[in-house]
2 protein chains.
Amino acid sequence: MNRVQWSRLDAGARAALLARPAEMNAPDVSEQVAAILADVRERGDRAVRDYTQRFDGIVLNEPRVSVADMDEASATLPAALRTAIEEAAARIEAFHRAGMAADYALDTAPGVRCERMLRPIARVGLYVPAGSAPLPSTALMLGIPARLAGCEEVVVCTPPRADGRADPAVLHAARVCGIDRVYRIGGVQAIAAMARGTASVPACDKLFGPGNGWVTEAKRQVSSGAGAVGIDMPAGPSEVLVIADAGANPGFVAADLLSQAEHGPDSQVILLSDDDAMLDAVDAQVRAQLAQLPRAGIARQALACSHLVRVASLDEAFEISNRYAPEHLILALRDARAWLPRVRRAGSVFLGDWAPEALGDYCSGTNHVLPTSGAARYCSGVNVSSFQVAITVQEVSAEGLAQVGPCAAELASAEGLEAHRRAVTLRLEAAA
Amino acid sequence: MNRVQWSRLDAGARAALLARPAEMNAPDVSEQVAAILADVRERGDRAVRDYTQRFDGIVLNEPRVSVADMDEASATLPAALRTAIEEAAARIEAFHRAGMAADYALDTAPGVRCERMLRPIARVGLYVPAGSAPLPSTALMLGIPARLAGCEEVVVCTPPRADGRADPAVLHAARVCGIDRVYRIGGVQAIAAMARGTASVPACDKLFGPGNGWVTEAKRQVSSGAGAVGIDMPAGPSEVLVIADAGANPGFVAADLLSQAEHGPDSQVILLSDDDAMLDAVDAQVRAQLAQLPRAGIARQALACSHLVRVASLDEAFEISNRYAPEHLILALRDARAWLPRVRRAGSVFLGDWAPEALGDYCSGTNHVLPTSGAARYCSGVNVSSFQVAITVQEVSAEGLAQVGPCAAELASAEGLEAHRRAVTLRLEAAA
């Protein structure tokens, strides 16, 4: 891993260090993605079938997974895995339920009642990747808040395995979330089908879920322009930033860095420490642990773009972290809780030595679909409100209009909007 | 206005009727917008100055409005308008404050504490249009929730008037919101300056506010790809859908339709009624009231793409409305409250005869920055949470890890992520 001292870097070197490698290296796939989107819009299921054959090597006669196949997947799943999925689901549900917003109403003047009412987004599409590995945890992270929100129609698309079937753990996770509409469709064709609808796949109002660069670009395109659908957030490769003091456990820190690095060759990991010995020890531990990993090849590529940074102080570390706005932030600090108020930008934060980032990926209860690439500056991880819209309401009596109407009329005049003013004064005169 | 009977339309005609006129007629300005964005990124304030000269006809030596000018604007504003701005601000603040979310924490297992903490988005940029008219109300609708959220740096850009100054009502509204960074910059160059930063204008994390097609396209471009910033929502022309029964007041309904139509030639208004006589009466009232409007020319263009629709029943009207997902929905119904649960998709709803849509534009307390073009299917109007990020936190003790770690390890194995598993099991072994 690249080893640097922050105080010795000039402004340009600092910006380069904090730049996401994916942004520098991403191939431009926008034209190919646009072509697939247009083709699926035009030819529907036939196009989906063609791309599935081309990209997944599967002949897809019936894209939807049957109820019998879902039952079988659950029945044949190893008991320990079934239990783990259900246990994780329970904690994710508990945490997400506790954060749900409620409707409220307020009389802003006598006779003027204003309200906010929350409604589920009617049709949502969840993308569950299965590129290098199937991700039943992602099915839980999207399916549970969708159910809590009360979405009427929840669709899952997940790429078929080499044998043409959907991963049984993903199917069981979907069932645990009450989802019975699962399609064995992956990649751009899945996003296209959910955004535009085909004979088999219903058109959705909002799409969720992580994916590779192609899926991300497809989500970007369908969320923009005429006929746009909503998306959860701009997605990018996973990343972690660790702030470790001299008292941290270098083996734990190295394990956390590696668990992020194994996600993909474009993942990024950064360690900030005010202690040279800690940086040395973590570096050694990374080397030692890396040798034992089945995905060492992927992790090694990610580590090549990652950094061990010596900071002058923990204050400086938090400045850097807030500037980077990491998806995951681990505070491997003595009294991590006391430092928490310094965190202003991050997706999810892990306090202390006993909170590996992997807990948040699976089962602490928080969501693992989090803002990457610095989007934590302005957006949040998935939660129940991601599956809801808030509609405001005003109920006004004639007395209420007398209270607030003149104010509206005055402002309408100032804005030169005479018809706005008249819509108010006409009623004021009628009520008088 | 176009008069139709819903039951006589086939599927294609129904889709065409509910299509937004702007989507059909929007000129493609994406290349010109991209060129301006690139130029401002490259040349900063000098490019902003050049575009201001070209598009606004103003030589902009110092884009920022001085504190002295802001003071003077407040002092010279007519007292009635100053009072109206302050009165509206108080109600908007009361309603928005009542809907603020709070931090929360939950032990999802013994020793596993999960939390959500809300943080203000650090730097936000507010665009306050002043094309056909200055909009101090928009400054309030954006500035008040930004202040409630606690954003550290709030920047306003608003186009200069012909005399080179910013509109004094907009300046006073900004002051009421505690904003002192106002720039006399409009259009694409304003979005570019706030998204990328110049020597004068700080780079913002998220941009807010309505605007014309150019501004909308600029927001779309800066919110996508590398270096993206957040935006409040995809914006489009304003629109209203009214559902009126036989008991409605046709003069009021006509006034509401016209107050929407005067916004711009691409605004859309739709009236649904189960009563032919009501449609006749509203049509006549629209003609009569239109003649008296200073912006009749604009309204007439909008009405040319608008519709009076006879529905078979109010049930059918709500089906159509939910499909259209209007920005503004007026229920001019006897017992409108009883019909409210039928509303599943809308930006803001106005109940009964005494709630003109103009109240929501100015001073009922709800926000007027609302989803248009059907985006109410998946997104909400601006509120305090639009100016916040939610960060999740997990604090785990060694005992807590013993509780939930095995579940995480099991799921990590199923997903083939061995480094994830080891980050957990290494700690479990160390703690044992």
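The backbone N, Cα and C atoms fix where each Cβ goes, and this holds for glycine too.
Going by TrEMBL, these are the annotated features:
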- B:GLU327: active site, proton acceptor (ACT_SITE)
- B:HIS328: active site, proton acceptor (ACT_SITE)
- B:TYR127, B:GLN189, B:ASN212: NAD(+) binding site (BINDING)
- B:SER238, B:GLN260, B:HIS263, B:HIS328, B:ASP361, B:GLU415, B:HIS420: substrate binding site (BINDING)
- B:GLN260, B:HIS263, B:ASP361, B:HIS420: Zn(2+) binding site (BINDING)
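Proximity note: of the listed binding-site residues (B:TYR127, B:GLN189, B:ASN212, B:SER238, B:GLU415), B:SER238 have a CA within 10 Å of the CA of B:HIS328 (active site, proton acceptor), given in sequence order. Residues from the set of recorded positions B:GLN189, B:ASN212, B:GLU327, B:HIS328, B:GLU415 situated with their C-beta under 8 Å of a chain A C-beta: B:GLU415. Between the alpha carbons (Cα) of B:HIS263 (substrate binding site) and B:TYR127 (NAD(+) binding site) lies a span of roughly 17 Å. Compute the center of the Cβ atoms of B:TYR127, B:GLN189, B:ASN212, which mark the site for NAD(+); besides them, the chain residues with Cβ within 8 Å of that center are B:PRO129, B:CYS157, B:PRO159, B:GLY186, B:GLY187, B:VAL188, B:ALA190, B:ILE191, B:GLY211, B:TRP214, B:VAL215, B:ALA218. B:SER238 (substrate binding site) sits 7 Å from B:GLU327 (active site, proton acceptor), taking the Cα positions as reference. Taking the C-alpha atom of B:GLU415 (substrate binding site) as reference, the shortest distance to any of the recorded positions B:TYR127, B:GLN189, B:ASN212, B:GLU327 belongs to B:GLU327. Following the DSSP three-state reduction, the secondary structure of B:HIS263 (substrate binding site) is coil.
B:HIS420 (substrate binding site) falls within a helical segment according to DSSP. Counting only the Cα atoms, the space from B:HIS420 (substrate binding site) to B:TYR127 (NAD(+) binding site) is about 44 angstrom. B:GLN260 (substrate binding site) has B:GLU327 as its nearest neighbour among the recorded positions B:TYR127, B:GLN189, B:ASN212, B:GLU327, going by CA to CA distance.
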